Amino acid sequence: MKFFQIKLSLFLCFFICAILLNSVGIVILQSINNYGITNVSASILEACKDLTIAIVSFFVASLIPHFGYKKSMIIGLTLITLACIAMPLLDSFWMTKLMFVCVGIAFALIKVSVYSTVGIITNSPQEHASLISW
């Protein structure tokens, strides 16, 4: 049971990101219905999410070890929290796009931090593989 709290927090960080990132399909449908936009316009939400993850992961992967894994995860979760609070207050399609950009940035920070932390807290390749494949 060594590192149980760390493993649980890593799981919860990933779980929060998974819920938000996998909601993009229904958010696209709701954006079409609520904001009266076209299918093509609404599909930009996928790019807001995916491109942000790719770009931020590429640029911050080498910086996070110097900055700190815990700080990076806290920044990511704070960004998600602020975006979720702002979403109903600023009810518009641009806020929906901004929400997925924020979630993409947060996931990139959390993903790099979680994978690195798993490498630190596991003792063998088997333990590493079993922890990652929840």
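Our numbering is plain: 1 for the first residue shown, then up by one each step along the chain.
Placement of Cβ uses the backbone N, Cα and C atoms for every residue, glycine included.
Those TrEMBL annotations? Automatic predictions, nothing curated.
A quick note: this is a predicted structure, and the numbers were derived from the prediction, not measured.
Some features that TrEMBL has for this protein:
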TRANSMEM  6-29  transmembrane segment
DOMAIN    6-134  domain 'Major facilitator superfamily (MFS) profile'
TRANSMEM  73-91  transmembrane segment
TRANSMEM  98-121  transmembrane segment
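Through the fold, the transmembrane segment (98-121) approaches residues 3, 6-7, 10, 13-14, 17, 20-21, 24, 27, 45, 48-53, 56-57, 60-61, 64-65, 69-70, 72-73, 75-77, 79-80, 82-84, 86-87, 128, 131-132 of its own chain, all at least 6 residues removed from its boundaries and within a Cβ separation under 8 Å. Helix, strand and coil counts from DSSP across the domain 'Major facilitator superfamily (MFS) profile' (6-134) read 111 helix, 0 strand, 18 coil. Per-residue pLDDT, averaged along the domain 'Major facilitator superfamily (MFS) profile' (6-134), amounts to 93 for this model.
Residues 9, 13, 16-17, 20, 98-99, 102-103, 105-110, 113-114 of the same chain sit 6 or more residues outside the transmembrane segment (73-91) yet have a Cβ under 8 Å from a Cβ within it.
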